[in-house]
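According to TrEMBL, the feature domain 'C2' maps to 25-149. The annotation domain 'EF-hand' is assigned in TrEMBL to 177-212, 213-248. TrEMBL lists SER590 with the feature active site, schiff-base intermediate with substrate. According to TrEMBL, the feature pyruvic acid (Ser) maps to SER590.
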Amino acid sequence: MGNGNSREGKESRRSRLKQKLQRFRTHRLHLRTRFSSRNAALVVNQRAVTVDDFSGIALLTLIGADMKFKDKWLACVSFGEQTFRTEISDTTEKPIWNSEKKLLLEKNGPSLARVSVFETNRLSRNKIVGYCELDIFDFVVQEPESACKSFDLLDPASSNVVGTVFLSCAIEDPVETEKRFAKRILSVVDYNEDGQLSFSEFSDLIRAFGNLVAANKKEELFRAADLNGDGVVSIDELAALLALQQEKEPIINSCPVCGESLQPTDKLNAMIHMTLCFDEGTGNQVMTGGFLTDRQASYGWMFKLSEWTHLSTYDVGLNTGSSASHIVVIDRKTKRLVEELIDSKIVLSMRAIYQSKIGLRLMDQGAKEILQKLSEKQGKKMNSVESAQKIPSFLEFFKDQINMAEVKYPLQHFKTFNEFFIRELKPGARPIAHMNRDDVAVCAADCRLMAFQSVEDSTRFWIKGRKFSIRGLLGKDVNPNAFLDGSLVIFRLAPQDYHRFHVPVSGVIEKFVDVSGSLYTVNPIAVNSKYCNVFTENKRTVAIISTSEFGKVAFVAIGATMVGSISFVRKEGDHLKKGDELGYFSFGGSTVICVFEKNSIRLDEELLANSGRSLETLVSVGMQLGVSTRTFTGSP
């Protein structure tokens, strides 16, 4: 993974980075005074950046690669909720891209970038061949800024090395960004590149700012900027003018590079926006943006045609499950958007059934019984010895989403597909957050999670069935009073996930209650449908757990299409520690819902924020879910 330097060299680079960060911390009060962002309206990556969050700008350059076989290649860089792509390389075995992109760094934002390399010999969908991941900050600490470093490209299916990619990265801290801002703005219209603006160049810049009032008094502004009266405006003079006008009457209404409207009173986010837009003049290609995932960025012209005709769409938020043809979720660990793999024919059939009155009318006229029989038949089939033959193709389809290194037993151990489906993991594969604190609840499954502080929020942002209620979810044999208006967490398991579920809290199992029902799919396409009520109509088992820290917690395991059974490995009266295994689902997708008593838990803010955008969060067993409000005294 690259050529290492001496320990002394690494220490000196680490010291330099620490000095930069220290310099930024002492400068932060100055930034806060100058950049008032309390009323920020400019959105960078869907939200305004605050002074405390802004950590700098990274310039990542994808130089090229050395592949083990010949083809034509393109590369994608995914960082947070954005993905960028290079052009297709003309060379075959050693592609050269020389493509760059600026990345916004935030204190609590993403730092892990993923580089994916695709071969481009298909019309509709290019094939991922290898990938690598790098932490931007670690990259800079380990290597001199802007130095080229090599990374092994790993096959998503086998983790074998398939090539090497060459990158460079430089980080500009907030102090440097502010210092260079005026120079960047000046260079946009500095046609003769002499480092200063004539009146003509100054006039073009003022017009590019999109402020008609300022444009009408450009002569006055030029005289105010030309402090020494030499007939030109220098970088320092332009910086002084921008700072003065920010306090008096902001003159930047739009970005002079891309033309996008900016919020004049929010200088920090305006500066960040223009810095990200600015071409540094390196001569490198700038990567193409506007993509959510590397899979979307890699698609060929056939997909672009289908997107143009509205047959295929990418989106996050409310429409993801109901109308988009691709399900996009956010990975909590990497803070990166990822695409959920699902066969396109299945998507079309689910939309036909669950997003129309006609489809659900067919369900009412006998299709429910068909689904039940189909699930039972498929369950028996997946328990046959012959079903083991399906395991390799299953792993190939989900090759970058199943980590066999975590699985307790080798592949040859599994005699049927269902044995593999309910596979166990190695001890320690899923660390439990704050294991010694029972007031911290944890995630119950490897899944896509939606968290809501109230049931009302869940129906506003996610569950669109008209008859959903806590009473309906728990069934007639469970007293719902303790859970009315409580907090709700939905753990949706996809077929590729580890399918054993665990208790999110420590406590005693009071009772199990089986609730009969249908076997609708738990895919967001059905959950977002206003025509059916997946969670209150599907077969499910309710476990009531009594705890000291959260009161009673209802743990609801919900079956789905192709899920033949819900199995529990604990019994009533058992004392459980959070993170202990509680049971498993057999073949298919499935869901767990946990209902907490009202005001008993403070769910983690990032989970609530994503759910408020109708965006599922990809989590693992044991990750922190929330903290008991009965004992909460601060962040754990």
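Every residue, even glycine, has its Cβ placed from backbone N, Cα and C.
Away from its own ends, the domain 'EF-hand' (213-248) comes close to residues 34, 181-183, 185-186, 195-199, 202-203, 206-207, 267 of its chain (Cβ-Cβ under 8 Å, at least six residues beyond either end).
Each residue of the domain 'EF-hand' (213-248) gets a DSSP state, and the totals for helix, strand and coil are 26 helix, 2 strand, 8 coil. There are 30 other Cβ atoms within 10 Å of the Cβ belonging to SER590 (active site, schiff-base intermediate with substrate).
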